[in-house]
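According to TrEMBL, the protein has these features:
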ACT_SITE  Cys160  active site, proton donor
BINDING   Gly276, Cys277, Ala278, Asp282, Lys292, Pro309, Asp310, Ile311, Ile312, Phe328, Lys342, Lys346  CTP binding site
DOMAIN    8-181  domain 'Flavoprotein'
DOMAIN    189-398  domain 'DNA/pantothenate metabolism flavoprotein C-terminal'
REGION    1-193  region 'Phosphopantothenoylcysteine decarboxylase'
REGION    194-407  region 'Phosphopantothenate--cysteine ligase'
Amino acid sequence: MALLLSGKRILLGISGGIAAYKSADLIRRLKERGAEVRVIQTDAACEFITPLTLQALSGHPVANSLLDPAAEAAMGHIELAKWADLLLIAPASADLIARLAHGLANDLLSTCVLATDAPVAVAPAMNQQMYKNIATKHNIDTLKTRNFYIWGPAAGEQACGDVGMGRMLEPLQLVDLVLEHFAPKVLPLEGVSLVITAGPTREPIDPVRYISNHSSGKMGFALAEAAVQLGAQVTLIAGPVQLATPAGVKRIDVVTADQMYQVALEQAISAHIFIGCAAVADYKVAQVATQKLKKTSDDSTSLTLVKNPDIIAAVAALTSQRPFTVGFAAETQDVANYARQKLVKKKLDLICANDVSLSNQGFNSEQNALTVFWADGEQQFGLQAKTELAQQLLLLINERYLHEKSH
Ligand code: PMT
């Protein structure tokens, strides 16, 4: 039977501190769960627990010196850093944490931290006053900003007789955190398929002219990218925009509202959620000229426009295989009111009201702010990068979708 940590390679870094004796038990517990463990000790750690003990428990020679030709010949420090799936430092002394925060590479362990692309978890262990020291706090915060995991410390009685925060977590607590780290993650949108429309549509007047709008596609593309990152399967129906396709997204390019309508209805019936973020032209030219229109001597001219099909209303009106349908409402005045009216008129499940009268959000901006309305609720999202907004909005959409599905 495969154990929970079978095949996982854990490089255990041990720095100097009384808690180093617990590392022996930690190695045993990790190995019991199937992990392969190799150990690096700092010089100070060797004063607290012998390399021989750790070698016996891990089944491998313990690495200590950066300048040991024999050790480098066996498994050099770069190889060791590359070998690890996780670099766990337990105990991590205040001194080691300070060196890591400064990016030093003045012994084997700190060098491996710089040389690895594996996640690094740090289990602090030190006197409570040292832990409270602003310098240590600052160093730990620095490591957090570099995506180090900080596991612990715990509070309690310390070897020196003090009581407070600074005890290393117990080996079994660290093992639980290692298990959690390696547990397969279920993403919130896993198993959910989305169709998203983005960008403008372009309605031809003649072979060289068209009617369109300022939509850049950024909001819709940000939604597509975030949805994939959250685990969804995404089909992006894009009007004419200059944006790269986000990784993992199936993209279908269209130009006119009629084309978007056709593709959207084909795709919508196999989606759980449909998001109409595109700025679809409400009207198209009744008769597209086959040749370039010539300027006449008249001071004015006119075009006859006819309505385009309403894509999102058609999706929302599907009687079978209807996806949870989310619209956007781009408004320049009375935003909430008009958005609510569109929610009802188009029979949508949710609408994202977008005030496009402001120059720093909406059309062709990197940022956006939205108020989302549904039948009996609303939620505001403040001005922020479209990429971040997309993540938050999708979590709300998914929450509402799951709510509807369960009723
Ligand atoms: O693309 P960006 O530069 O990033 O800008 C983003 C955005 C401002 C375009 C976007 O956030 C937005 O607000 N999109 C909706 C724009 C719009 O056309 O709003 P509307 O109020 O005209 O349409 C309401 C809803 O009906 C929308 O979901 C729209 O996609 C849909 N619609 C409209 C007309 C039509 N014929 N068919 C439709 O499906």
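Glycine residues also receive a Cβ, built from the backbone N, Cα and C atoms like all the rest.
Annotations in TrEMBL come from automatic prediction, not curation.
Annotated features, which come from TrEMBL, shown on the structure.
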residue: Cys160; record: active site, proton donor; DSSP (3 states): coil
residue: Gly276; record: CTP binding site; DSSP (3 states): strand
residue: Lys292; record: CTP binding site; DSSP (3 states): coil
residue: Asp310; record: CTP binding site; DSSP (3 states): coil
residue: Lys342; record: CTP binding site; DSSP (3 states): helix
For the C-alpha pair, I'd like the distance in angstrom between Ala278 (CTP binding site) and Cys160 (active site, proton donor), rounded off. 65
Cβ neighbour count within 10 Å of the residue listed as 'active site, proton donor': 10
Here the 10 Å Cβ neighbour count for Ala278 (CTP binding site) comes out at 28
Cβ-Cβ neighbours of Lys292 (CTP binding site) (radius 10 Å): 10
In angstrom units, rounded to an integer, how far apart are the Cα atoms of Lys342 (CTP binding site) and the residue listed as 'active site, proton donor'? 68
Taking Cα atoms as reference points, which of the binding-site residues Gly276, Lys292, Asp310, Ile312 is nearest to the residue listed as 'active site, proton donor'? Gly276
Please average pLDDT over the region 'Phosphopantothenoylcysteine decarboxylase' (1-193) for the predicted structure. 93
